[in-house]
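These features come from TrEMBL:
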{"type": "DOMAIN", "residues": "233-395", "note": "domain 'O-antigen ligase-related'"}
{"type": "TRANSMEM", "residues": "27-42", "note": "transmembrane segment"}
{"type": "TRANSMEM", "residues": "72-92", "note": "transmembrane segment"}
{"type": "TRANSMEM", "residues": "99-118", "note": "transmembrane segment"}
{"type": "TRANSMEM", "residues": "130-149", "note": "transmembrane segment"}
{"type": "TRANSMEM", "residues": "156-178", "note": "transmembrane segment"}
{"type": "TRANSMEM", "residues": "198-218", "note": "transmembrane segment"}
{"type": "TRANSMEM", "residues": "225-242", "note": "transmembrane segment"}
{"type": "TRANSMEM", "residues": "248-267", "note": "transmembrane segment"}
{"type": "TRANSMEM", "residues": "274-293", "note": "transmembrane segment"}
{"type": "TRANSMEM", "residues": "380-400", "note": "transmembrane segment"}
{"type": "TRANSMEM", "residues": "412-432", "note": "transmembrane segment"}
{"type": "TRANSMEM", "residues": "438-455", "note": "transmembrane segment"}
Amino acid sequence: MAAVVLAVFLAGCFVYGALSVRNTTQGILLVGLTFFLIVYWAKPELMIGLALFLGCAALPQGLHVGKVIGPVSIYASHVVLVLAICFVLPAVRLRMSEYLLPGLFAATVLYFAAVGFSTGHNPAVVVREATFLLEMIAGFVLALVVVYGEHIMLSINAMAVTLWFSAGMAILGSSGGVRLAGRTESLQMDTGDAANRVITSTLIPAIAVLTALVAAQIAGRVKPVAYLALGLPALVIAVLAFSRNTIISVGVAAVVAFFASMGWSAVRRAARLTLTGLGILAVTIPGALFLLGDSSAGVWLANQITGFSHRVLGRTSGAALSADPSTLARFAEDRHLNEAIEAAPIFGHGLGYAYQLPFGGDDPNEFTQTLGTTYAHNFYLWWLAKSGAVGMTGFAVFALTPLVRALRSASVPAKISAAVSTGLLVMCIIDPLPEDPANAMTLGIALGSALAFATRKRRRAEMTEMQEAERELVPA
């Protein structure tokens with residue numbers, strides 16, 4: 001018997017090696033499947049950390065993390081995300097009622113994807129839009145299993161590693177040391193500053209982390225080590241992206257957290273946070289510029305600060321926004337979207353619908369000639385054009401139910417998650433999180449966390465009662 005087992009093992013090793021050598025794709029798949037199998041046997045919850053890293057980390061541009069099969073693009077992060085949920089589900093055992101919200105919205109997305117296919121829209125665009133909406137739903141379910149399965153610290157540690165890694169990559173990308181996946185834009189033509197915007201898949205997760213830290217400081221207490229482990233790298237990533245979305249998300253979440261925990265303690269914590277943050281900035285920035293002087297690092301830091309001041313802080317007034325090129329482009333998108341909504345206000349046009357004609361340059365491969373005809377920065381108008389009032393009702397139920405339950409809950413983590421979710425939902429007016437990878441998952445995780453924290457205490461009590469009832473039914 002031992003000889004047979006050894007022979008089967010050796011034959012399996014031979015086939016494994018032969019397939020790995022013959023084809024690179026097959027080899028990578030086999031190695032990946034082997035790794036996933038080992039993780040499943042050793043510690044299944046580690047897949048949660050891997051899913052967060054692959055989904056949110058800033059990676060080099062030449063690193064291929066997906067494969068295109070016809071109109072379908074399969075991302076490694078999506079595969080790992082689904083596996084992470086499946087690995088942890090047996091231990092968490094979600095009830096059917098907990099699948100209701102994500103299940104209903106998933107059915108809504110699939111229906112309007114079918115509408116897009118049936119009306120002859122570009123299949124690749126239909127699949128792309130449906131994929132990222134489903135990624136948001138997967139992030140929602142992931143948050144449920146993380147909170148209910150008590151894997152919160154594992155997720156926080158994984159995000160700390162992801163943020164520090166991505167902050168280092170963002171600094172390298174800003175200084176020209178490496179090309180990152182995403183966008184790297186020079187501010188020379190925009191503001192005249194010698195700085196580069198580095199926009200990667202880590203930006204929205206970093207903004208969400210900053211938002212959570214601010215909301216947590218107002219609604220409760222945050223350990224100082226959290227600002228170092230999570231806040232510092234998240235701030236670096238957000239600053240190097242020169243994004244005004246950070247101010248919007250943090251500001252909205254701070255207001256929600258304040259009103260969710262009304263009292264003098266909330267006022268004191270908010271004032272302490274504001275004064276401490278301003279004091280740290282007033283000391284560290286001039287100190288760093290003085291110490292670095294005219295060195296290459298000092299020049300780089302000065303350019304980043306000047307660019308951030310001009311693009312972010314200098315364009316927050318109404319007059320500045322009315323002349324901002326990106327704002328004007330969004331107004332043009334909104335005008336076309338409103339026309340499309342008026343044409344089909346109830347059921348929309350289906351996913352993949354091109355609401356505007358190609359624009360911009362003459363290169364047929366440019367964004368403005370391809371995805372720019374179907375992509376929009378105002379997610380709510382975009383979703384109304386695609387799905388009408390019916391689809392928007394489905395999204396409202398999916399997104400607002402966790403917020404209402406979290407804000408009515410006595411749980412501080414639930415209120416923090418609700419504040420973060422509200423900030424991200426407001427941000428969707430100018431930055432379509434459900435239309436982009438990683439961003440969609442981040443929004444889903446925030447909404448799922450709000451619901452999970454709001455219902456965790458009651459769920460624990462119900463699960464305890466069920467376990468006691470099962471023990472009573474088992475004969476001695």
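Here the Cβ of each residue, glycine as well, is placed from N, Cα and C on the backbone.
As the structure is a computational prediction, the values presented were derived from the model and not from experiment.
At the 8 Å Cβ cutoff, the transmembrane segment (248-267) and the transmembrane segment (99-118) share fewer than 3 close pairs (sequence separation 6 or more) and do not count as touching. The stretch from 27-42, 72-92, 198-218, 380-400 that makes the most Cβ contacts under 8 Å with the transmembrane segment (99-118) is 380-400.
Between the transmembrane segment (380-400) and the transmembrane segment (412-432) there are 3 or more Cβ pairs closer than 8 Å, counting only residues 6 or more apart in sequence, so the two stretches are in contact. Taking every listed stretch (27-42, 72-92, 225-242, 438-455) in turn, the largest tally of C-beta pairs under 8 A with the transmembrane segment (130-149) is reached by 438-455. Summarising model confidence by region, the domain 'O-antigen ligase-related' (233-395) averages a pLDDT of 80. Segment contact is absent for the transmembrane segment (156-178) and the transmembrane segment (72-92), given fewer than three CB pairs below 8 angstroms at sequence separation of 6 or more.
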